[in-house]
Amino acid sequence: MAHKGRARLFDALTTKGTAFTHEERRELGLLGLLPIAEKTIDEQVEHTYHEFSTRRDDLDKHIYLRALQDRNETLFYRLLSEHIEEMMPIVYTPTVGEACQRFSEIYRRPRGLFVAYPDRAELREVLRNRPEREVDVIVVTDGQRILGLGDQGIGGMGIPIGKLSLYTLIGGIDPARTLPIVLDVGTDNVERREDPQYLGWRHRRIGDDEYYAFVEEFVAAVREELPDVLLQWEDFATTHALPILDRYRDRLLTFNDDIQGTAAVALGALHGAAQTAGRPLSEQQVVMLGAGSAGIGVLEMIRQEMVSQGLSDAEAASRIWVVDIKGLLTDDRTDLSDGQRRFAQPAARVEGWAGVQLADVVHQVDVGVLLGLSTAAGAFTEEIVRELAGKTDRPIIFPLSNPTSRAEAHPHELDEWTDGRALVATGSPFAPVERNGKKRRVAQCNNVYIFPAIGLAVTAARATRVTNEMMRVAAKTLGEASPALSDPDEPLLPAWEDVPEIATRIATAVAVQAVKDGVAPERSDDELAQLIRESRWKPEYR
Ligand SMILES: NC(=O)C1=CN([C@@H]2O[C@H](COP(=O)(O)OP(=O)(O)OC[C@H]3O[C@@H](n4cnc5c(N)ncnc54)[C@H](OP(=O)(O)O)[C@@H]3O)[C@@H](O)[C@H]2O)C=CC1
Ligand SMILES: CC(=O)C(=O)O
Ligand SMILES: [Mg+2]
């Protein structure tokens, strides 16, 4: 706020552009630096929306919005908040996936921190060079599993930038207090590495010993510089995601969005779905396609929920069937990680089956819930879905892989193959499904319903850890807001326009839980609710 003149005019966080009044221009040394007209923020929104609308395709629209964000953050968030449903798919999945693939080509200006392995001796200096001193939330990736698009190296930076935009848009986190980070540890994507435009370190990914030592150094630098920050891990390959979470979850204020955020949103959506289907989760047989960190994270939470509904651990596990690229996870497989092994079915249970692929499991088991976190586009085939639809009145089918090009099925197909009976939620956004002249919105079961609220909760309540119970409360509060609970024809998750308000509700419940869990200072529930409402940043010129 202190700067004047050009520095003030070009400070994206505090500029008002053509909305500086004549008096402000005089006070701030801006006279003559702007055309004489004085705009209101509403007029600026109208103008930028028109500009946005003239862009040819979604990537152009993404580039336009990113440029606006770099120029005037208040206006960027005001525009987004007035067109949330239209712009979410542009700043986030699916368009952000293409923006990551073409990151070096569309690169304009730096944002956040590029923490590169060759700079490892100077990590503290890198952290000290962060653009803003005070930070509430870091989102960090190493670019190895960007949505379902694999290794994008430094291009993965598009994801932390996009996620943090949603922390602000939905969770009301002050954009000046967010920090996107990419750990540049090389890339195994040969096409990227050999692209002359590639802006990252042209090197194969470093080996695990160097990798974990580097992550440890990075964490140490973050702790020293920003001891209270929330550190969110995003889009790490499963092989690294789980060990990193295990190593740091009890040492830092941290969570892994793909594991824990996805689990919470899936459980939230299943709440409305199970109620509409008329059968609680604990009475369902659940099939998951994909045994990566997202899939296993979701299943851990489903199992806990089944236990809270009265099953033993073993009974719950016996209702969960996981299929990966090799087929069903069974206890005679030697290639399973510890996390996967917890969901392996006894091999004896499948003796006599013709095979152990998804179609076989759906054929043999009384499946009520089919979930996909596999990146396998089209894997929920007509044959599989029709078989499932023959077993239950209201099949619950969630193709959750991102971006759209990786979805296991499209909602209009699921609708057709089940005669409109499927209860559907998808990872990326899809157009409404039309049946008998009536259009129905498709719920987007994406962790964006959760992470902004977690950020808001821990920031406002000054929490020091993200506990499992905090995540469970987030899932429960979201589930209770399902429009399908009051009308089975409504989507399983709330509309985007309502999401900022619901994020506030989730954040309040999570903050209350943080106090209960002893990881945030004592405060009454009312005080927390008030603190959360008051701490929300708003896109208004100061
Ligand atoms: N909706 C949401 O909010 C979220 C969605 N996601 C999406 O989930 C997907 C998976 O993420 P993540 O778990 O981290 O990724 P991983 O790559 O770690 O996991 C993918 C899993 O699917 C399996 N798989 C791959 N291809 C097939 C196939 N053809 N048939 C059966 N199984 C297959 C893999 O098996 P194997 O290991 O043997 O190859 C692996 O078990 C991504 O598309 C991601 O965008 C992730 C987080 C949140
Ligand atoms: C949504 C998300 O986090 C993912 O697809 O990775
Ligand atoms: Mg992710």
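Here the Cβ of each residue, glycine as well, is placed from N, Cα and C on the backbone.
Feature list (source: TrEMBL):
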type	residues	note
ACT_SITE	Tyr92	active site, proton donor
BINDING	Arg145, Asn402, Asn446	(S)-malate binding site
ACT_SITE	Lys163	active site, proton acceptor
BINDING	Glu234, Asp235, Asp258	divalent metal cation binding site
DOMAIN	259-515	domain 'Malic enzyme NAD-binding'
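Taking the features listed in TrEMBL, we show where each one sits on the structure.
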residue	record	DSSP class
Tyr92	active site, proton donor	coil
Arg145	(S)-malate binding site	coil
Lys163	active site, proton acceptor	helix
Glu234	divalent metal cation binding site	coil
Asp258	divalent metal cation binding site	helix
Asn402	(S)-malate binding site	coil
Asn446	(S)-malate binding site	coil
Over the span of the domain 'Malic enzyme NAD-binding' (259-515), how high is the average pLDDT in this prediction?
97
For the recorded positions Tyr92, Lys163, Glu234, Asp235, which residues place their CB under 6 A from an atom of ligand 1?
none
Taking the residues Arg145, Asn402, Asn446 listed for (S)-malate, what is the greatest CA to CA distance in Å, to the nearest whole number?
16
Just to be sure I understand the packing, how many Cβ atoms besides its own are within 10 Å of the Cβ of Asp235 (divalent metal cation binding site)?
25
Tell me the Cα distance separating Arg145 ((S)-malate binding site) from Asp235 (divalent metal cation binding site), rounded to the nearest angstrom.
5
With an 8 Å cut-off on Cβ distance to the Arg145, Asn402, Asn446 Cβ center, who else from the chain surrounds the (S)-malate site?
Thr93, Leu147, Gly148, Asp235, Asp258, Thr262, Ala294, Leu400, Ser401, Pro403, Gly427, Ser428, Asn447
Taking the Cα of Glu234 (divalent metal cation binding site) as the centre, which of the recorded positions listed as Tyr92, Arg145, Asn402 lie within 10 Å of it?
Arg145
Applying the rule Cβ within 8 Å of the centroid of the Cβ atoms of Glu234, Asp235, Asp258, what extra residues of the same chain belong around the divalent metal cation site?
Thr141, Arg145, Ile159, Trp233, Phe236, Ala241, Asn256, Asp257
Quick one: give me the count of other CB atoms within 10 A of the CB of Lys163 (active site, proton acceptor).
27
Could you state the CA-to-CA distance between Asp258 (divalent metal cation binding site) and Asn446 ((S)-malate binding site) to the nearest Å?
10
What is the Cβ neighbour count of Arg145 ((S)-malate binding site) at a 10 Å cut-off, with all protein chains included?
26
Listing them in sequence order, which of the recorded positions Tyr92, Arg145, Asn402, Asn446 have their Cα within 10 Å of that of Lys163 (active site, proton acceptor)?
Tyr92
Recorded positions Tyr92, Arg145, Lys163, Asn446: those with Cβ under 6 Å from an atom of ligand 2 are Asn446
